[in-house]
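Everything below concerns the one structure shown next.
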4 protein chains.
Amino acid sequence: YGKNTIKFLRLHKEGKKDVVKEVEVCTHLRLISAQEYLEGNNSLVIPTDTMKNIVLVLAKKNGIPTIEQFAIDLCKHFMTTFCQVAYIKTYVQEVPWQRLHENGVPHIHSFICVPDGIRFCEAEQCRNGPLVVFAGIKDLKLMKTTQSGFEGFYKNEHTTLPERHDRILCGELFCKWSYGECRDFDFDCIWYTHKIRECILEAFSGPPDCGEYSPSYQKTVNSIEMNVLSKVSQVQVIEAILNNTFYNVVDMKNLGVTNDKEVLVPVETPYGSCACTLGRKKFLEA
Amino acid sequence: YGKNTIKFLRLHKEGKKDVVKEVEVCTHLRLISAQEYLEGNNSLVIPTDTMKNIVLVLAKKNGIPTIEQFAIDLCKHFMTTFCQVAYIKTYVQEVPWQRLHENGVPHIHSFICVPDGIRFCEAEQCRNGPLVVFAGIKDLKLMKTTQSGFEGFYKNEHTTLPERHDRILCGELFCKWSYGECRDFDFDCIWYTHKIRECILEAFSGPPDCGEYSPSYQKTVNSIEMNVLSKVSQVQVIEAILNNTFYNVVDMKNLGVTNDKEVLVPVETPYGSCACTLGRKKFLEA
Amino acid sequence: YGKNTIKFLRLHKEGKKDVVKEVEVCTHLRLISAQEYLEGNNSLVIPTDTMKNIVLVLAKKNGIPTIEQFAIDLCKHFMTTFCQVAYIKTYVQEVPWQRLHENGVPHIHSFICVPDGIRFCEAEQCRNGPLVVFAGIKDLKLMKTTQSGFEGFYKNEHTTLPERHDRILCGELFCKWSYGECRDFDFDCIWYTHKIRECILEAFSGPPDCGEYSPSYQKTVNSIEMNVLSKVSQVQVIEAILNNTFYNVVDMKNLGVTNDKEVLVPVETPYGSCACTLGRKKFLEA
Amino acid sequence: YGKNTIKFLRLHKEGKKDVVKEVEVCTHLRLISAQEYLEGNNSLVIPTDTMKNIVLVLAKKNGIPTIEQFAIDLCKHFMTTFCQVAYIKTYVQEVPWQRLHENGVPHIHSFICVPDGIRFCEAEQCRNGPLVVFAGIKDLKLMKTTQSGFEGFYKNEHTTLPERHDRILCGELFCKWSYGECRDFDFDCIWYTHKIRECILEAFSGPPDCGEYSPSYQKTVNSIEMNVLSKVSQVQVIEAILNNTFYNVVDMKNLGVTNDKEVLVPVETPYGSCACTLGRKKFLEA
């Protein structure tokens, strides 16, 4: 296969305001041929430079109404234009520029980068197969300072971890879900109206006044998925990975001090992650 | 000298709510002796492990009321406790955890990392000298999509850059200012009431309804410094560095398309930066 | 699934000499159960802390004769010890410490890190399935300054790339091959005697006195795979990915200078990669 | 000031062989004026684009005989050409491409990147001041598995570190030395004939058959500096910084195993560094 990544900015005006979308687009092609590998015959090869041009021209002509729509349009363009393409996947992620506000007034042309979770999407198609669409959020760093434990786990002679019922739960979340076969969705509407991001944060945190006890990273990952599936009907399957950061309460006995979970240090090794994929028929591939 | 970096979390409760501060503390010592280097005589050397313990014990005992106060307390502790210390600098930076909100209600124990600028500070002292305090913000990524140009610059036979009056201004800002000799400041009050961060953003952007034309990165850097100095009386000297990202309008003529500053690509090489330091007496060391 | 990464050093003596192996080990488990995700029942969960202990104890008891053997032993240990494990994959990569030499004499206890390609391996097993072993090399940065071109490719209205017969070929190579079902191999012997690394470099470069023309990245990737398959009988299937760095000859006409492929700049966007997997039956999945 | 970084490749032929130099050049200017900051008057400003052109044209015309000579030539060019320049510093670092060999035969056009220490240099000049030249090596990762300890250090109530006489010494070394005022040196000759790199490795390691005991990181840093100063007469002053990685012997008592310094884990927090600058008159600024 061949792969190509390009980063660019798409500007347009809405009224007097500038609207900016900066995206990174990765185009991934597989051809029906093998002659370029076996014989050095390049006659069917689409240069990465051409792939780049297509991405830029499409962005110029169509704009980027939503990143999902742009990924779909790119997919269709490649499938339609090049009969030698056997498979195409397009990945688009957005640089999280936010409009600046001064005393609540939105600025017409100034932006700040706020990377509290990166929105991305994918569109994928095999020749003669359906075009399927995915969306997701990554690099979302979350922490619960309490209401988290880990008890009753499997023990044997290699177990040294004590049971804990009040630890810190902290990690970086990756979530990706499938919208199934490409349909005429308003993807930003799903994102914003159905508040997928809020669903995730809500399931991670529990109610604001009391939270909700997490018996494990695994259960929290599952709760996030269940919440999204139950509230966003367009989501077919959802996958979530939580890359954990563990924090240890520092033992200060030798320093003559009692540390009652007030000072903690992140433990960089070992780090772990847990992942789970959940679909509508309650099929679980843990 | 010897240097030591440690990252840790300080937790405490305010009413029912958990308050979290995660900081990275770097302690930098110079001793009056040279025997440890010349002779391998370690009798005056303070191990990095001890430096780490001191940081953690102080955090446990005093908490971290503000990062500036913590840096000052650390400085004083080292100077007072160890007569072999000739110089000390403490650097503290904060992980930007923000409390989560659900429908406007603050969550009692859940946080999200929002790295839209990292707050840091330094305290510094030579034996028998004053303790001076610095604060700053770094990794602040900003963009103006218009109202920026660069014209009338010096030209010779190596000049190929065209004059532009409507380019993108984008960069990563580093700002550091001195509060002068350590006094009994409420540093969070200065930060939040005087809105240093807002001063910076405001000077970068100009008025929200029309913006303000920037004739160069240099002038923008200077405007930011002037604004902070004029509005925050406690600031003695301010330094700002803007690491520029240039964007080129993609030439699409060969592709049969007219691109009217709608699609731009970031130019990774060359990248530049400009910096300027400004004090109260209008002394300029550019 | 659950995943755990740990980095550690294994020391032993051979005669008077210290031998050092520093490795990063990632253990990846999938359990037969789903109750930990669905119900928060942890009774079958193996904590990452236990996984870490097992890795360290095994390294202490067996040493790390080869990274492949260590990955296999780990796999077997988990499958044998824990009947709740449905699937296990172990990944081991080696920090490239090399013994220092002074005037040709090997030093008994001093090492330098020489990261000119990182050796890694994987062992993988589903319950009741075969244990399969992979090995590979990654982060291998290579360059040919000539004897590389790209001509005769597919062209349409989005093509702007000129044909070139004397460009720079530069990239970072990732190679991974399967030894098939686990057998009693001496993996270091295969590595060193059959000179897999040399096979790769040789196929990339061609004969030292004249080189060999590469008509595309794709063909070079394929040549590398063919060479390894033809010379190392234990390799069943091989996959290679070349992440390209393109270099452009700088146009200096406007500066009054003729640049005859003497000064080139790396083009950071777009970057591309090409990959190919080749097995013994000439099956090609490009 | 203004700063500009550019990465490029310089190719030339020696006989039939291609010779490649890939460098990263950073040019740092301070002007005599302040009007560009204060008034937005750009008439003396040298655009980063022009700085880039000058670097590339000079590389094309002069080649890069040594990175030091190139840094000097750049410095001189800017001082001579632009009377508005008050200060210039040029920094050049080299990508460590090494010629590939097949069975001992050097390849005419193929190279591999071997980053076991990065060579760099600086040239610096104030208007009417001398042009001074520095050179150095960085990112040199070294390890001694024994013959290292740390004992007899300062102790108080915050000390928990035990004394050790057989620990691992591991770190990343940065070394930078001054050749003083620019003279007609053959810098590659100094580098290769006087074997500065070998001086450093030798002082770090001690004799190959038995090594040499290091009582501290500090003493090792000093030994490296003393060795270079004593063997390379052109070096005026030398600075060295060692960023330490500590390794802890894993306590396996609870796992029923005795670990006799066979399995160790790197301790990522706290990490420390120690630095020292040494000149010819034995002046020590630790």
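Placement of Cβ uses the backbone N, Cα and C atoms for every residue, glycine included.
Since this is a predicted model, take the numbers as computed values, not measurements.
Quick look at what TrEMBL lists:
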type	residues	note
BINDING	D:Thr48, D:Asp49, D:Phe150, D:Arg167, D:Gln218, D:Asn244	5-hydroxyisourate binding site
BINDING	D:Thr48, D:Asp49, D:Phe150, D:Arg167, D:Gln218, D:Asn244	urate binding site
BINDING	D:Thr48, D:Asn244	O2 binding site
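A map of TrEMBL features onto the structure.
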{"residue": "D:Thr48", "record": "5-hydroxyisourate binding site", "CB count, 10 Å": "24"}
{"residue": "D:Asp49", "record": "5-hydroxyisourate binding site", "CB count, 10 Å": "19"}
{"residue": "D:Phe150", "record": "5-hydroxyisourate binding site", "CB count, 10 Å": "22"}
{"residue": "D:Arg167", "record": "5-hydroxyisourate binding site", "CB count, 10 Å": "20"}
{"residue": "D:Gln218", "record": "5-hydroxyisourate binding site", "CB count, 10 Å": "28"}
{"residue": "D:Asn244", "record": "5-hydroxyisourate binding site", "CB count, 10 Å": "19"}
Out of D:Thr48, D:Asp49, D:Phe150, D:Arg167, D:Gln218, which binding-site residues come under 8 Å of chain B, measuring Cβ to Cβ? D:Thr48, D:Asp49, D:Phe150, D:Gln218
Secondary structure at D:Arg167 (5-hydroxyisourate binding site) (DSSP, helix/strand/coil)? coil
Based on the record's binding annotation for 5-hydroxyisourate (D:Thr48, D:Asp49, D:Phe150, D:Arg167, D:Gln218, D:Asn244), what whole-number value in Å is the widest Cα to Cα distance? 51
